Amino acid sequence: MKQTNSTPHRKNRERARQFAQMSDNIYLPCQARVDEIIRENDQVLTFVCSFEDVLCNKDFSYVPGQFMMVSMPHLGEAPISFSSSPTEGTGFRLTVRRAGRLTSAMHELKPGDQIGVRGPCGTPFPVRELEGSNLLFVGGGIGMAPLRSVVQYALANRERYGDITVLYGARTPADLCFRKEIGLWRRQGVTCLLSVDHGDENWTEHVGLVTELLDQVQVSPASDRALVCGPGIMMRFVLQKLVTLGLEPGSIWTTLERHMKCGVGICGHCHFEDRLVCWDGPVFSMAQLPDLENL
Amino acid sequence: METRILHKDHLVPLLRRLSRNYRLVAPVRNEYGDTLYSVIHDLDSARIDLDQQPQGSLKPFFFPQSEVLCQYALDRNHDGGQTRYAFYPQLPENRPTLYFGVRSCDMMAVMYMDLIFFQSRGQDIYYARHRENAVFITIGCNHPFPNCFCNATRTGPFLEHGYDLQLTDIGEQYFVETGRARGRKIVEAWSWFFSTAGERERRAQFQAALEARGLFSSLVHVDLAIKLLEEGDEPTAVFTELSRRCQDCGGCAFICPTCTCFNIHDQPRTDDSGERVRTWDACTFRGFTRMCGDHNPVDVETQRVRKRFLHKLLHDVRHHGRTSCMGCGRCVGMCFGGVDMIRFITMMCQYEAAQETGE
């Protein structure tokens with residue numbers, strides 16, 4: 001099995017430096033303010049946030065694929081991926097589906113309210129390594145949130161990347177997120193194919209599984225890199241299909257979801273074989289995933 | 001390395017002097033007959049017990065079972081109804097502490113915890129505060145205890161590094177080896193307690209260390225288990241059997257000197273304030289990996305003990321070059337379901353042997 005820790009000490013120092021920007025205490029959240037709340041659909045909101053501390057805002061940097069540990073009063077913390085790109089100005093966006101107690105409480109927030117945040121945590125998508133390649137995004141449901149971060153990043157650095165294709169599936173048209181942005185992406189030359197399990201009378205695009213959209217695009221193993229995120233079962237089938245279309249496992253990237261407490265590779269909750277998803281991931285190349293059963 | 005002799009009669013007077021500068025922790029036999037590493041407030045009334053293996057390790061002194069990380073407070077009426085939400089760290093005090101009578105396995109476990117909490121990843125300031133200013137006077141095990149197998153994990157019964165001072169019982173005296181600078185300072189500062197070791201004492205120490213290695217009652221094939229796991233020979237049937245027998249009590253992880261998994265949760269104190277607390281957790285608990293919506297990526301019926309054994313015998317070998325089982329054998333005495341390290345290694349080796357002979 002391929003090992004990821006090629007230069008662990010340099011990586012650790014860099015990560016420690018990132019944290020040191022915010023605090024010398026890796027468990028101490030900073031105060032962030034919710035500046036704006038965007039309703040994506042009934043279950044999903046996007047929180048546009050910035051730090052209360054002006055210096056934090058100035059020093060803060062992240063890379064698509066990383067995440068924040070978000071604190072809500074009395075409810076502890078949960079890991080939430082950035083849905084924004086650092087190229088979109090100061091602060092950051094978190095796109096959150098109402099799923100448990102903490103995320104439900106987030107849905108009660110109003111603009112101006114504060115949340116606690118720690119981070120950025122995790123290993124990002126290899127945006128530098130992807131330069132020069134065509135990017136094929138395959139998202140399912142709320143899994144589109146971390147992929148949006150990379151799409152925005154690639155559009156902001158358009159000359160560095162080849163063709164951009166977004167395949168996005170959800171259960172119903174009402175479950176799709178980022179509808180407005182998908183329109184903007186299309187106008188900027190991004191191929192966007194949408195799919196839902198169950199359409200309605202206004203739905204004119206594909207009905208079925210997101211894997212079926214892969215039949216509608218030309219995949220070129222030499223120049224394409226795939227970025228996949230969605231429910232475990234969807235990811236398993238998409239990854240398998242991408243391999244049958246000829247993509248190397250090392251050219252396919254995905255981001256995993258796990259229960260996390262510390263976010264910095266100590267507490268042990270997010271183990272995935274000998275890796276810790278919060279530290280070695282959440283972004284993994286398919287070549288690093290030992291099997292696809294427990295995504 | 002400098003070697004000295006400490007007469008046994010001088011031990012308590014030495015500790016009394018040292019307790020002026022250090023909080024003193026040592027194995028103490030309590031009124032219920034249990035031997036536990038305890039803080040000694042009064043040396044005259046405490047019964048230091050170097051004959052029994054302490055029932056717990058030093059883990060709780062560096063990584064308490066429950067520890068407040070920070071306080072949080074809400075201000076709901078600030079700026080016209082908007083909520084402020086602030087955090088205030090609560091760092092532990094870092095008192096200079098002398099840990100006396102520490103067994104080799106427990107000292108090695110502290111060094112393993114150092115790897116986890118502040119060498120490989122972001123520094124854990126809470127652990128660092130407990131760990132700073134700690135001095136260790138260890139004691140070699142002349143007579144390993146019934147469940148011990150530190151010979152197989154190479155963590156004892158005597159230490160070759162890591163201690164400030166290491167004592168060996170050679171009858172009327174302790175043979176004293178100085179390790180790190182803090183140990184040398186103790187010997188220099190209180191030199192009148194120590195005399196120079198001669199050839200006879202050196203030979204007695206060598207003899208004691210040699211004899212101890214032959215006194216282990218359990219033969220545990222740790223190296224074979226590591227080799228089999230590295231070769232990808234995962235004993236699925238053994239994991240299934242052990243998962244069935246695990247009663248989900250977490251005793252093995254809590255008693256283990258190197259199990260450092262933890263949970264972090266908020267403990268409300270009032271409607272508008274509370275504490276963020278870190279508590280021990282265990283990967284054998286059914287809910288350890290459960291996410292919201294009750295989704296659990298680990299099949300708890302067959303795999304919840306798998307992580308524990310693979311972590312100690314395979315993953316840590318991969319990442320740190322050695323196992324994180326220290327061979328202290330405490331999990332053997334703790335588990336009433338027989339899901340312990342010795343049992344696992346024995347079952348795994350038997351399973352492998354049966355596979356090979358085609359039984």
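The backbone N, Cα and C atoms fix where each Cβ goes, glycine too.
In the three-state DSSP classification, A:CYS267 ([2Fe-2S] cluster binding site) falls within coil. There are 22 other Cβ atoms within 10 Å of the Cβ belonging to A:CYS267 ([2Fe-2S] cluster binding site). Residues or ranges marked as [2Fe-2S] cluster binding site in TrEMBL: A:CYS262, A:CYS267, A:CYS270, A:CYS278.
Averaged over the domain 'FAD-binding FR-type' (A:27-127), the predicted model reaches a pLDDT of 93. Per TrEMBL, domain 'FAD-binding FR-type' is recorded for A:27-127.
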Env. residues of [2Fe-2S] cluster site, Cβ within 8 Å of mean position of A:CYS262, A:CYS267, A:CYS270, A:CYS278 Cβ:
A:MET260, A:LYS261, A:GLY263, A:VAL264, A:GLY265, A:ILE266, A:GLY268, A:HIS269, A:LEU276, A:VAL277, A:TRP279
For A:CYS270 ([2Fe-2S] cluster binding site), the same-chain residues 6+ apart in sequence with C-beta under 8 angstroms from its C-beta are A:ARG258, A:HIS259, A:MET260, A:LEU276, A:VAL277, A:CYS278
What residues, ordered by sequence, lie under 8 A Cβ-to-Cβ from A:CYS262 ([2Fe-2S] cluster binding site) and sit at least six positions away in the same chain?
A:ILE26, A:TYR27, A:HIS269, A:CYS278
By DSSP, how many residues in the domain 'FAD-binding FR-type' (A:27-127) are helix, how many strand, and how many coil?
15 helix, 46 strand, 40 coil
For A:CYS278 ([2Fe-2S] cluster binding site), what is the tally of other C-beta atoms lying within 10 angstroms of its C-beta?
28
